[in-house]
Amino acid sequence: MDRALRRTGGRGERRARRAHPVGPPILTYSCRMSTALLYGLGTAVPLLVGAAIGLRWTLPKPLLASLMAFGAGTMIAAVSSELFAPAFRQAGALVAGAALFLGAGVYVVANHLIETKLGAGAIGWALMLGTVLDGVPENTALGVSLSAEAGVVLLVAVAVGNVPEAIGGAALMRQRPGFSARRALALWTVTAAVLVAVTVLGKALSGNLSATHIAVVQAFAGGATIAVLADSLMPEAYREGGWWVGMATAAGFLVAFVLAG
């Protein structure tokens, strides 16, 4: 009977191993970092594509406005479902709300300082810093969210939003006298590299963060994103596209919401 129990137990252990395979820690860690790297590239490549388009062609304003409005819609859904909702559930209204306002406040103040202190002569650096200021909290939260098997909606939203942002920024750089396309593309490449790095860093740090700390990161990123939408993306889309761009925003929200479901 003991032999039978041992045989049964052995089969059970083998089945458990097959159902829940446990690989070497280093291999598992490498796979996770590779996933974070791919997600980071998923947000950085659209940024470079948008910059290349903006430096090479002048898109019709209605088309660019539609892209910005669509990206705003995806970000609204991403903030709600991927950033603030899990933060609210984990940390509560007080902590999540404070982090949300802190993220919005940091973006608003820093963006104001960039616009007023650097001046028109440093438009390239101002645009690059503005994009980094927007993207760092988003991509950090993206890396952190990967630990909870989430992040797909946030990835799509950030990637879609990066395209019109880079197109518009690169087009403004192109209009500046003495500002070469090579230098402009180099600035956007540095920005893209920073976004990839913070995505991987967010994933690497997520294992050492408590659930409350992760919630704070997510809510902070949500606040910064809301400020970006309110101060920059949506007003610019309306100014360039007119009254009908609200439909593109609704379409972006619907696409991201369906992906989240």
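Every residue, even glycine, has its Cβ placed from backbone N, Cα and C.
Going by TrEMBL, these are the annotated features:
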- 36-57: transmembrane segment (TRANSMEM)
- 63-84: transmembrane segment (TRANSMEM)
- 91-110: transmembrane segment (TRANSMEM)
- 152-173: transmembrane segment (TRANSMEM)
- 185-205: transmembrane segment (TRANSMEM)
- 211-230: transmembrane segment (TRANSMEM)
- 242-260: transmembrane segment (TRANSMEM)
Among the ranges 36-57, 91-110, 152-173, 185-205, the one whose Cβ pairs under 8 Å to the transmembrane segment (242-260) are most numerous:
152-173
Please determine whether the transmembrane segment (185-205) and the transmembrane segment (36-57) are in contact (criterion: at least three Cβ-Cβ distances under 8 Å, sequence separation 6 or more).
yes
So, does the transmembrane segment (36-57) come close enough to the transmembrane segment (211-230) to give 3+ Cβ pairs below 8 Å, pairs being at least 6 apart in sequence?
no
Based on Cβ pairs under 8 Å, which of the stretches 36-57, 91-110, 152-173 lies most in contact with the transmembrane segment (63-84)?
152-173
Six or more residues out from either end of the transmembrane segment (36-57), which same-chain residues have a Cβ under 8 Å from its Cβ atoms?
131, 135, 138-139, 142-143, 146, 151, 155, 158-160, 162-171, 173-174, 181, 184-185, 188-189, 191-193, 195-200, 202-204
Do any residues of this chain, six or more beyond the ends of the transmembrane segment (91-110), have a C-beta under 8 angstroms from a C-beta of it, and if so which?
84, 133-134, 137, 211-212, 215-217, 219-228, 231
